[in-house]
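Trainee: The structure follows.
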Amino acid sequence: MSVKHFIQITKPGIIFGNVLSVAGGFFLASKGHVDFALFLAVVIGTSLVVASGCVFNNCIDRDIDHKMERTKNRVMVQGGMSLTLALAYATLLGVAGFSLLYVQANPLAAFCALVGFVVYVGFYSLWLKRKSVHGTLVGSLSGAMPPVIGYCAVSNSFDLAAVTLLVMFSLWQMPHSFAIAIFRFKDYSAANIPVLPVARGILAAKKQIVLYVLAFVLATVMLTLGGYAGLGYLAVAAAMGLYWLYMAWGGYKAEDDSKWARKVFGFSILTVTALSVMMSVDSQTAADVLMTYAR
């Protein structure tokens, strides 16, 4: 056991991705008036909570991770850390993260983090991931919480912008996850995990990817229509979203489903990164009504 194991078991890549979305929500709510001490506390607090969830996930999935090519070398599978130590480590990370969010941000931000944590560890990892094709849908709520945490840490209110962020990032999670399930089809089949491509076929997953990307594109527009983000954000969101939709539609003609799915997955990362950046730099004063720009 080494320091490397303590880092690897937290899934640093997932933490980094969540930091980007936390920052997007935080700066969206800040509207140019940034409290950097608060920002640092929110980023660290959320990262600790996410890390805790990932460690718990590693503990829960240790019996199926050895069946999958991409997870067979994880710390718990290789015996790099005992279950007792991993559970204690996960608990410590969680307590530290929730405490930091509660004390340095506000109870609402901590509550949002708790909801995401419970959904990911309890409903998704412990239950639905192995039992239902709808596990991805439920799990998407946890993946959508980081930008909401960032936003609520500043605004201390769960308003239309927070709802929009929750919907946007939940919708984004679906095609992102389905794409992974397609190019990792053999892994999920071997572990008997009922993700959509395995349970209902790749064609069904392709249809859902197109529908969810379309819904995501429509949802991204709401930040501008609600008066929370500017036209620069709208232009980037529309361009990225429509190209992602075009790419998703191309799945119907794809000769190599795995190659196509990897492209959809890769562009999903670019899309959510671009939107997080744009909502950070092109925020507007919040509107009281939905159709600010439609008057």
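Keep in mind that glycine also has a Cβ here, set from the backbone N, Cα and C atoms.
Just lifted these from Swiss-Prot, have a look:
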| type | residues | note |
| --- | --- | --- |
| TRANSMEM | 9-29 | transmembrane segment |
| TRANSMEM | 36-56 | transmembrane segment |
| TRANSMEM | 83-103 | transmembrane segment |
| TRANSMEM | 108-128 | transmembrane segment |
| TRANSMEM | 135-155 | transmembrane segment |
| TRANSMEM | 163-183 | transmembrane segment |
| TRANSMEM | 209-229 | transmembrane segment |
| TRANSMEM | 230-250 | transmembrane segment |
| TRANSMEM | 264-284 | transmembrane segment |
Trainee: Do any residues, 6 or more residues outside the transmembrane segment (135-155), come within under 8 Å Cβ-to-Cβ of it, and if so which ones?
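Mentor: Same-chain contacts beyond the ends: 18-19, 21-30, 35, 38, 42, 46, 50, 53, 101, 105-106, 108-109, 112-113, 115-117, 119-120, 123-124, 127-129, 161-162, 165-174, 177-178, 181, 194-196, 276.
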Trainee: Is it true that the transmembrane segment (163-183) and the transmembrane segment (108-128) have 3 or more CB pairs under 8 Å, sequence gap of 6 or more?
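Mentor: Between the transmembrane segment (163-183) and the transmembrane segment (108-128), contact is absent.
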Trainee: Determine which residues of the chain contact the transmembrane segment (36-56) at the Cβ level, with the cut-off under 8 Å and only residues 6 or more beyond its ends counted.
Mentor: 9-11, 14-15, 18-19, 22-23, 26, 86-87, 89-91, 93-94, 96-101, 104-105, 109-110, 113, 116-117, 120-121, 125, 142, 146, 149-150, 153-154
